[in-house]
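Feature annotations, courtesy of Swiss-Prot:
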- 188-202: compositional bias 'Basic and acidic residues' (COMPBIAS)
- 273-283: compositional bias 'Basic and acidic residues' (COMPBIAS)
- 397-408: compositional bias 'Low complexity' (COMPBIAS)
- 417-431: compositional bias 'Basic and acidic residues' (COMPBIAS)
- 456-467: compositional bias 'Acidic residues' (COMPBIAS)
- 188-244: region 'Disordered' (REGION)
- 273-292: region 'Disordered' (REGION)
- 387-473: region 'Disordered' (REGION)
- 45-66: repeat 'LRR 2' (REPEAT)
- 67-88: repeat 'LRR 3' (REPEAT)
Amino acid sequence: MGRITEDLIRRNAEHNDCVIFSLEELSLHQQEIERLEHIDKWCRDLKILYLQNNLIGKIENVSKLKKLEYLNLALNNIERIENLEGCEWLTKLDLTVNFIGELSSVKTLTHNIHLKELFLMGNPCADFDGYRQFVVVTLQQLKWLDGKEIERSERIQALQNYTSVEQQIREQEKAYCLRRAKEKEEAQRKLEEENESEDKKKSSTGFDGHWYTDIHTACPSATENQDYPQVPETQEEQHNTKESDDIEDDLAFWNKPSLFTPESRLETLRHMEKQRKAQDKLSEKKKKAKPPRTLITEDGKVLNVNEAKLDFSLKDDEKHNQIILDLAVYRYMDTSLIEVDVQPTYVRVMVKGKPFQLALSTEVQPDRSSAKRSQTTGHLLICMPKVGEMITGGQRTPTSVKTTSTSSREQTNPRKKQIERLEVDPSKHSCPDVSTIVQEKRHRPKRMESQPRDEPSEEDPDFEDNPEVPPLI
C-alpha cells in the first residue's frame, strides 16, 4: 500500500521544478494511498488537489490548506464528510463513487461559504429518498449539485418540505448504519477464516510447498540412491499442481460474488498485490544469470572482445619498433575506472568493469609498455615495444660487400631489379617537378651575368686595359 512521502510529491511536482513549498497544483491519483498526511505541512499554497482512485478512508489533515479551491476525492473509501471547515476558499468538492451513507454529515460544509459545486453521485446516500432536497436546503451557498444547476424554485420547494424530508433521511441513515455494521462483521469473519486457512497450509507443508520429516539418515541405502533420480520429476509435478491450484483459486476469487463495500475493495487490492508479488518472484526465479564473458579459451586461445563497444585503432610502428593501440575512451570518464593489463601476446583494458581485449600478432614487452590518456579527447594511447630488435642495414660491417654484389647483380639484370623494386622510381613520376619550373640561369639577363675579366699579360708591360672596349670573341 502506498503512503504520501516527500519523494512522491516531488516526483509529481515536475511542472514546478520539483519545488513543493510553492506548489499550487498536485496530482496523486492511482497511488494506492490509504491515508491523507503531510500535505498540509509541505504544500500550504495548494489550490488544486487530485486524489481520485485511491484507498483513502477518512478526510483528514487538510484543514491548513486555506487556499484550496478544488478537492477531488472520487473513487475512494470515504464514509463521512468531515474536517473541511478550515478550507476557507473551497469552491468545488468531488466525492463521486465513495461510501458516504451519513447524509447528515454535509452540514459540516455550511462553514465553506465559497462552495459552489458538490458531487455525491455513486454514494449510498444518493439513493435516499429526499436526498437532493435535503442537500439543497442544508447548503444554501451551493449552485450545482451532481452536475445539475440548482434553481431558485427548487430550493423554495425543498424548503417547504424540509421537516418531513429530514425525518425521512434520519430513518434511512439508521437502517444504513445497521446494514454497514453487519457487513463489517461479515468481512472480519471472512478475513479470520482466510488467515486460518493460510496458517494451516503453512503448517502442513514446508516454506517452499514440500513435505518434510524429522528423520535423518547418515548414509542412504542403495535403494534410496536408486530413487534419487526420480526426485526432480516429483518436484516438477508438485510445482505444476501448485500452479494449477493457484489458477483455480484466482478464478474462484474473481467469480465469487461480493458486495460493494470498502472491505471488498481492500480485499481485491490485496489479492492483486499478492498476485503481483508471486509473479515477480516467479520471474526472478526464471531469470537466468548472465554467463561470464570468456576471454581465454580452455586451449589457451586469446579471444578478441569489445564488450564496452569502444572505437579503437591498432598500428604497427616499424620506425620505433612498437605497436600502438588508440582506444576511444569516454571523454569525461574518471581514469580510476580504467584498468590496463599488457601481456606478451595480448592487451586487456577494463572500462567500468567491461573488458576490451585484443590478441597481438607479435610478442611485446609488458615491462617497457606505457599507457597515456589525452586530457582533451580522453583517448587512451598504449605503446607496446616489440620483443625483436629493429634491424638496420647501415650498422653491419659486411654491408659494403653485399652492396657491391647486389650492385653487380643489378647491373647484370636491370629488368629483374625493376620488377622487384618496391619503391616507385622518381624519374617516372607523372606529376611535374615544381623546383624546375623556373630556370634562373637560362632566363637571367645578360647584363646581370658576371663578365670575365681579361687580366693583363705579363709579357706586355705597356698594355693598358680600356673598360669601354668590348672583349674580343
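Heads up, residue numbers simply count up from 1 along the chain you see.
Backbone N, Cα and C define each Cβ position, glycine as well.
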Outside the repeat 'LRR 3' (67-88), six or more residues from its ends: residues with CB under 8 Å to it: 24, 29, 44-61, 94-102, 105-106, 108-109, 111-112, 114, 119, 180, 262, 265-266
Count up the helix, strand and coil residues in the repeat 'LRR 3' (67-88) according to DSSP, in that order. 0 helix, 3 strand, 19 coil
Apart from its near flanks, which chain residues at least 6 from the ends of the compositional bias 'Basic and acidic residues' (188-202) lie with a Cβ under 8 angstroms of it? 267
Taking helix as H, G and I and strand as E and B in DSSP, count the residues of the compositional bias 'Basic and acidic residues' (188-202) in helix, strand and coil. 15 helix, 0 strand, 0 coil
I'd like the per-state residue tally for the compositional bias 'Basic and acidic residues' (273-283) from DSSP, helix first, then strand, then coil. 11 helix, 0 strand, 0 coil
Taking DSSP helix as H, G and I and strand as E and B, the repeat 'LRR 2' (45-66) has 0 helix, 3 strand, 19 coil
